[in-house]
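Pulled from TrEMBL:
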DOMAIN    113-204  domain 'Ig-like'
DOMAIN    231-332  domain 'Ig-like'
DOMAIN    346-440  domain 'Fibronectin type-III'
DOMAIN    474-569  domain 'Fibronectin type-III'
DOMAIN    575-668  domain 'Fibronectin type-III'
DOMAIN    674-772  domain 'Fibronectin type-III'
DOMAIN    779-878  domain 'Fibronectin type-III'
DOMAIN    870-963  domain 'Ig-like'
DOMAIN    1090-1180  domain 'Ig-like'
DOMAIN    1293-1371  domain 'Ig-like'
Amino acid sequence: MLFLYLEPSEKGSSVQFLSHTLCFGTCSCCHILLVLHRFSHEVVRGLMEAREEDVTEEGINYVAMRNLFVREAREAMDVKVEKKTRTKQVRESMDEWSEFRKKMNPDSLTHPPEFIVKPRGQTVWEGKTVKLHCTVAGWPKPRMAWYKNNVLIDAKAHPEKYTAESNYNMHSLEIKNCDFLDTAKYHVSALNVKGEASSVANIVIKSRYLSLFFHILFPPSLHSLSCLLHPEHGVTFETTIIDKFEVAFGREGETMSLGCTVIIYPTVKKYQPEVVWYRNSVPLKPSKWVHTHWSGERATLTLIHLNKEDEGMYTLRINTKSGFDSYSAYVFVRDADVEVEGVPVAPLDVRCHDANKDYVVVTWKQPAVEGSSSILGYYIDRCEVGTHHWAQCNDTPVKYARFPVTGLVEGRSYIFRVRALNKAGVSRPSRVSEAVVAMDPSDRARLRAGPSAPWTGMIKFTEEDSTVGVVPGEPTDVVVTEATKSYVVLAWKPPVQRGHEGVMYYIEKCMSGTDTWQRVNTGMPVKSPRFALFDLAEGKSYSFRVRCCNSAGVGEPSESTGDITVGDKLDLPSAPGNPVATRNTDTSVVVFWAASKDVKHLAGYYIECSVVGTDDWVPCNNKPVKQTRFVCHGLTTGANLVFRVKAVNAAGYSQSSSNSDAVVVQAAISIPGKPSGVTLLEAVKDYMVLGWTAPANNGGADVRGYFVDYRTVKGGVVGKWHELNHQALTTTSYKAENLKENVFYQFQVRAMNMAGVSKASLPSAALECKEWTITVPGAPVGLHVLEVRDTSVVVLWEPPVFNGRTPVNGYYLDIKEASAGSDGWKAVHEKANKMKYMKVTGLKAGTSYVFHVRAQNLAGVGKPSAALGPILAQTRPGTKEIYVDVDDNGVISMIFECSEMKEGSEFVWSKNYQAITDTSRLTIISEKGKTRAIFNSPSLEDLGTFSCVVTNTDGISSSYTLTEEGLKRLLDISHEHKFPVIPFKSQMAMDLLEKGRVRFWTQLEKYTSDCQVEYVFNDVIITQGKKYTMNFDKSTGIIEMFMDSLEVTDEGTFTFNLVDGKAKGTTSLVLIGDDKCVSETVFCCLSAGPHFVEYLDFTVTPACDVLLKCKIGNVKRETEIIWSKDAIEIAEDDEDSQKIEMKDGELTFNIGKISKQDAGVYEVFLRDERGKDKSTFNLTDAGKVYCSLFECLLFIELDLIMLQFQSMRTLALLDVCVPCLFIRDGKIAASERVKSGVTGEQLWLKINEPTEKDKGKYTMDVFDGKDGVKRVFDLSGKDRARVVGGLPDVVAIQEGKSLNLTGNVWGEPQPEVCWMKNDRELLSDDRYKLKFEAGKFASITIASVTTADSGKYALVVKNKYGTEAGEFTVSVYNPDDEDSKEEKKD
């Protein structure tokens, strides 16, 4: 056998090695084995950059083996060949292996960095090159960094200046072309997971030309070059991060981008900083889930398909050669919506550990939300890389968040995912794990090593006796690494004696109390020194041992593990300590708690919150955190919450901690900001009045007062500050007394709230205590804003302290954009405003503005106030306005809500921005975040602008202006609410059903489930029984009442009375029998067969024909309809049958002009197999019929009566068809002026030259000796509007002439008059002069008519009794056109 050993060329360096085993050849007498150990700088670098948690156990084992061979190789440098027997070789191999096992403990291999050779200081002339060297030992290999005056040196950014190298633990920094600026302290730092070490070297660069100059110019005690020279070579970069990403909230499956704008000054061409993103202090590398981008100005991080693993603190770090700048914010990832209500959410952070040839341990973390019930266990799925087939690894859910997966195929790669299970179902799968290869750890280490470096050293050759094979020895250190109720995991170390081929293992178990050993894996031995045993009886004790095997046979068993009881070895964590919640911001709370005691393998903590008074707990984080402090973001401002914490490890969740004390979500209180704008408001001989602006930031609590300090100024020299007031001021002005005349003073102001006193404002200018003699008023004070919105703001102020010679009589408000210069001021209004407030509208959203106010008196306008602003025109998110509500009792109130109430916040109402002094008008009720201002007795006295301000907030306010029109509308609504009426979609109606049933029904439009109905007939309540059936369908609002049959006794009024709380409603229907028709229906007799809907009756047509008619229902083709007169059937061939018609269920018999021959009894019969019905009409009573006929005729003909004034002023009644008499307060006698007569069928009355005495009621009495009828006609002067004359039918007028027409108008009351042309109304203007004089004469004048004026005109008069139009035609002609037409004819 041939062994090749390699030794480092320098014994002082701690050199890392890799080994490769190559078989050059075999023969029957010997085996030659070549073992190479070579340097690999790339592998060392990879191991150096790995995190501590990524340093796997198998990698450390391999390094131990390599270092063992290295130490042996140091004993010799020459190549020696030595021949050994097989027995001797086996014995030496066992000794070497035993030595190797002793050094397998990782704790003995890893150690902190140590400087073997430190860099030393140097002094050189400028222009030379300096090289610093050092040698560092440590494992894992340390990361090296060079610093100049504590500033990191970026050698890659300045290759022309620096060169940094690291070769086999030899490190160097080369500084080229040195100058004075390179004189500095140089630090070198070595860092690995075990610790840090550093060393310092001083470099001094001497100048041949400037050395003498420095000694002459500066004394030796002052010319320390390190103080005079620039701290670093080249440019010093200043980094500023703006447009920062805020705390972000995403949901699983979404894509999120985080970004910041980075400004680096100065700008150097082609220089790019190092941009690094971190999550929970771990650098992020680009992957399919993480994308990074640097545009030169903006750094962007994009998270693809968010998962809960992405939750955490994200940090952007910008590294330059001058230092670094960073910014951090938390990202929360909420669970995606579950597909089935109550199932748990997906587990997270699935990882693979301890991978071997056919075995891997999969771990995960429990989710924050278990669903509607506790999690029963988890399913683990695996998928071979390159396929899409997922296979479930366990049939029974496992409770632990750790599971050994066996049965893998060596050399193949797998990914894993996990699903949670509870009583409601299975969750969505987690994000898949990173791919893992099923292979031996040593093989994995060799694959990571890569190509080897050149080698030097000695080669040792050994020879052995040829043998067939060696049976492997027994494994050692068999232990149980994991034990749960579901499985037990064994681990052991391979045997020292294993032969020249690989070994496999058989596992055996023995139940406690027996001597029978049973082989567990009878089918196939395992290749990995790990094995998971399932299907063990919980609570039973077992012993385990392992045997090795190869082609030579099965070795002896290992020592027994001893009795192992099957059960959980890992306990649930204990409950965390009591949490303490404190205010942080308006949407976040900081929670502290004590860590769980004696917890093993802690995965972290979950924090939950709940609104006080509820039991609905919501997770604050979806990824467990290990620290005992957490900031819960995304909370609702003003919410009153409690918090609790639970710990989690692989065994499961702990009990929740006790609830914290309730905390309101609002910003923590701090001291206020500094006041500003200290100005002089008035000056007298011995006192000065000062004013200032309140701080923009009140620290989350109302400013309770101010303190003023002063100092004297003499000749530019200022004195010490002294306090002016010992008791806090409540206003933003102060009268500083007991000052000296003609002395200059400076003042500063401090604000105070419940948290403390702020820093002092900037000192005012030097102000002289000298009496003012100006006549105009001083500057207004106390400027502040309310109701800041996107397009408007309300500015308020207080009067100036100094009024001037006369009182202030108005104010002017000026505005400018904050970015504009001093010339950008504009007046908001033209006329002086007498109020001390003004609402400014028309602002641009997102623009900042500055305001100031000037006061005015009779002498003029004073100087402007201190500027207020900048004020950003932007509506705060969540801003609510005051709204008016009218409750069910008709009470009118104004309501304002605020979700950002803080401790001590109050609602303050005002009218016209002044305190409300008359408390009798309003009643204020405030509770929690809502206030209501109730009008006690709304009236015109309440008109105005009502505003509400929330104290102890950042100016939250709103207003509502109550106008007269708005008040009337609210009063109407109030009346409707006080006396509500149930609205109906339709009033009560009646339907005729089969078998004689009747349905009364109505439908409601608006009602509640409490609506009740009372059924009434003729003021008597009826109930459900044999005759009546009631139903109220509250889903449709239909109310029904069914009556089985309709009888004569059912004549009367049916009513539905409804009561719905305070609201009431009533609907009625009246049924009256005989031949009358009242209300909405008539009394009917119904049957199951054909029947009459309306019985036989008569009517008179406009032609004075008598028409018998009736309506029938429920008829078919087979139904017989028979007419008869005096019991004689009218046959189809009779002449009278031609007078019978049927249309749309209506039968008619046209008698025509009635005569005595038509007297008789008329009957109609309906008959078929379903039943029959009959209707009769009696025309034998001539008097009654005659009178009824004349009554109908008079109803028709009276509409044709007209009053008409003709040119002879004659009053006539026309078109009355029967002989009659006219009477006015007695019988009218014939005379020359009043005449009457009959012409054919017309009777007339003529009154010539009517006078006022002719007014009155005229009666027409028709009498035939038995019966009669009277009609009255009123000529008292109240009549419908009429055009009684004055207008021609046609007007022909020459073009260019003027047209003037006057129409006579009659009507009482006086009619309205309008003129129409071609059906369009004319209006009086320069062309058409329209007049209406004395209520009788309407005139139209058209000056200089044209052909366009031709058309159809009408004078339309109208009053409440009627409307009439007098029409005429206007034709405008041109004489020239007429002459030309005549010439053409000739």
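Just so it is clear, glycine is given a Cβ too, placed from its N, Cα and C backbone atoms.
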Summary of DSSP states over the domain 'Ig-like' (1090-1180), given as helix, strand and coil counts:
8 helix, 53 strand, 30 coil
For the domain 'Fibronectin type-III' (575-668), which recorded stretch in the set 113-204, 346-440, 1090-1180, 1293-1371 gives the largest number of Cβ pairs separated by under 8 Å?
346-440
What are the helix, strand and coil residue counts for the domain 'Ig-like' (1293-1371) according to DSSP?
3 helix, 51 strand, 25 coil
Taking every residue in the domain 'Fibronectin type-III' (674-772), what is their average pLDDT?
87
By DSSP, how many residues in the domain 'Fibronectin type-III' (346-440) are helix, how many strand, and how many coil?
0 helix, 44 strand, 51 coil
